[in-house]
Amino acid sequence: PFRAGELALAEVRRKNNSTLKLLCRLAAEAVLSSPGGILPHRDIIGQLPGQVLRTSAGRRLLLRRPSLDEYVLLMPRGATIAYPKDISALLMMMDIHPGDTVLETGSGSGAMSLFLSRAVGPKGRVLSYEIREDHHNLAKKNYRHWRSAWEIGHVDEWPDNVEFILKDISTAAADLKSVTLDAVVLDMLNPQCALPVVHSSLKQGGVCAVYLANITQVIDLLDRIRSCKLPFLCERIIEVTHRRCDAAETNHSVPYIARPSHWQEAHSAFLTKLRKFQPLLS
């Protein structure tokens, strides 16, 4: 059942058949406000996830626990987050395993940090560098809120395996001398500034995944790798798009009709996969 202190997600069905999602942290004296009326948190606490309750105005709300991708889309943001559709592709690019040590630059609002934390597991480690103090503090706060809510609503603990570091990655060479990295993910304006620092700590054959908004940034990155003769091969540059389909009931002989939605999750970033290699000795 829901307990005070954990996160709950309320789904409200709109007239146009879309769904509004509202995230709240349950507290006995608090109230959930929605376009369809209010619902006291005390009416939610003690209920099982998946329960439908009615608001003060008689509207129905479906209450359940949020998934991680829903949390990162609804949590407070400072920087623009890496979207779950892109994060999943980055995780596949890096082929992260439980127990891995991964470096992230650009903590932002903490979205990537949370997914990396789950991927490396309790025996793994995530080093998350951020140059801006406001982003650094928000990422830590969002990570801490998710962990505390998880531990209230689940038997197992969420691993405490992310080290948030307020520092410019280009000045962190000394910090990384004794660290062996299984993978690196760069989400920053000029990732070419980080490559000379992180490449010596990345294991041979390891992947550095880069998240960039513009293709011109990708070209600048590849040009810096070439001009500085850094030991990276560019394996792939992709963008991820998701297109939804709508299914609606009809009054005809065919019970449902399905068609692609007019709305889609289109371009958000270019994802570049770089692999570290050992150059041939001349």
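Note: Cβ is positioned from N, Cα and C throughout, glycine not excepted.
Worth saying up front: this structure is predicted, and the values here are computed from it rather than measured.
Residues annotated as domain 'TR61B FKBP-like' in TrEMBL: 4-58. Feature annotation from TrEMBL assigns S-adenosyl-L-methionine binding site to E130, H135, D168, D187.
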Review point. What is the maximum Cα to Cα distance, in Å and rounded to a whole number, among the residues E130, H135, D168, D187 annotated as binding S-adenosyl-L-methionine?
Key: 13
Review point. Here the binding-site residues are D168, D187; which one has the lowest number of other Cβ atoms no more than 10 Å from its Cβ?
Key: D168
Practice item. Determine the minimum-neighbour residue: among E130, H135, listed as binding-site residues, which Cβ has the fewest other Cβ atoms within 10 angstroms? Key: H135
